[in-house]
Amino acid sequence: MNSRVFNFGAGPAMLPEEILKEAQEEFLNWRNTGMSILEIGHRTPEIISLLSTAEQSLRELLNIPKNYHVLFLGGAARAQFAMIPMNLLRPGDDAAYFITGIWSKMAYHEANLLKKAYYLSSEEKEGFVSIPDYQKWELKSNTAYVYYTPNETINGVRFPYVPKTEGVPLVADMTSCLLSEPINIRQYGLIFAGAQKNIANAGLTVVIIHEELLQNQPEPVIPTMLNYKNHADHRSLYATPPVFNCYLASKMFEWIKKQGGIEELFQRNCLKAAKLYQYLDSTDFYLTPVSKEARSIMNVCFSLYYPDLEQKFLDMANERGLKALKGHRFTGGLRASLYNAMPMAGVDALIEFMSEFAKENG
């Protein structure tokens with residue numbers, strides 16, 4: 001197959017074709033340096049300028065106040081499951097967690113392994129198909145932060161609200177939703193996101209952290225590479241950053257601006273998800289486990305009424321250029337991820353195929 005396909009993968013995800021073409025054109029000789037972006041030293045003026053431009057673009061998109069630091073860190077977002085408690089919990093502190101899916105469950109267990117954590121609510125017994133009703137939760141007096149995952153990539157559930165924390169810093173794993181919908185940064189103490197959904201290619205984690213959370217040095221002492229303050233003090237240059245990822249992220253930030261900004265993309269994302277859910281709700285051939293009020297806009301999880309047809313569905317979808325629809329290995333089933341770069345044409349093509357498949361196999 002020579003043409004581009006529709007990649008519904010949860011990550012690495014689809015990137016805008018125009019960005020890929022720009023990167024291709026610049027690959028051998030970036031900004032007339034005679035070198036590829038992959039070859040340029042990270043402390044050169046060119047790369048320092050690139051990081052500064054990327055940070056400023058992200059600040060403009062999200063209206064990030066000056067008292068928040070933006071960090072571009074190498075590695076998987078999953079590393080934050082350990083870095084957050086190691087940096088934010090001091091002796092005698094507790095952390096509170098909402099367990100609403102696989103990723104928040106993993107984060108909770110990692111925090112408990114290293115420090116002390118408790119959960120405010122767990123939806124595991126119900127199968128991670130809903131979000132706890134909004135209420136005033138009782139926080140322990142020694143709670144240093146409250147952690148939640150606004151969008152659970154694996155389970156396809158989304159918080160329809162921002163939890164109230166009574167002044168306790170709110171920490172959010174926004175790996176699969178950052179830049180897909182408007183947020184108020186001031187409601188959070190720390191936000192992190194892996195890049196491979198809506199930001200860039202895999203290997204970069206963006207952290208946005210309030211300066212007050214950097215004031216107290218961790219106790220006991222932690223490795224220097226895991227200390228947020230070290231990265232903030234060195235403007236993401238404490239060690240070699242993932243330069244190519246930051247380069248793509250900078251292009252992605254500018255692409256979002258050209259599309260009309262985050263609000264415009266949010267409207268598109270809502271329309272894409274609504275169209276797919278509307279089709280799923282119209283047929284008994286496909287099943288959607290998540291309660292309607294908790295459905296993700298980014299990750300639409302579903303299954304077949306006849307599960308033995310799943311592999312046939314995936315094989316035929318692949319032949320139609322509809323890729324990566326297999327659900328996560330922890331949950332099974334099917335999943336269509338509708339990140340910013342997925343056009344409505346991709347959703348239309350998927351619905352057309354699903355309708356034909358249901359008629360032929362129902």
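Every residue, even glycine, has its Cβ placed from backbone N, Cα and C.
So that you can see what the record holds, here are the features copied from Swiss-Prot:
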- Arg43: L-glutamate binding site (BINDING)
- Ala77, Arg78, Trp103, Thr153, Asp173, Gln196: pyridoxal 5'-phosphate binding site (BINDING)
- Lys197: N6-(pyridoxal phosphate)lysine (MOD_RES)
Maximum Cα-Cα separation (Å), residues Ala77, Arg78, Trp103, Thr153, Asp173, Gln196 listed as binding pyridoxal 5'-phosphate: 15
Pyridoxal 5'-phosphate site shell beyond Ala77, Arg78, Trp103, Thr153, Asp173, Gln196, criterion: Cβ within 8 Å of Cβ centroid: Gly11, Ala76, Thr175, Ser176, Ala193, Gly194
Lowest local Cβ density among Arg43, Lys197, which the record lists as recorded positions, within 10 Å: Arg43
Arg78 (pyridoxal 5'-phosphate binding site) to Lys197 (N6-(pyridoxal phosphate)lysine) - Cα separation in whole Å: 14
Integer Cα-Cα distance in angstrom, Arg43 (L-glutamate binding site) to Ala77 (pyridoxal 5'-phosphate binding site): 24
For Trp103 (pyridoxal 5'-phosphate binding site), nearby residues of its own chain (Cβ under 8 Å, 6 or more apart in sequence): Thr149, Glu152, Thr153, Ile154, Asp173, Thr175
Secondary structure at Asp173 (pyridoxal 5'-phosphate binding site), reduced by DSSP to three states: strand
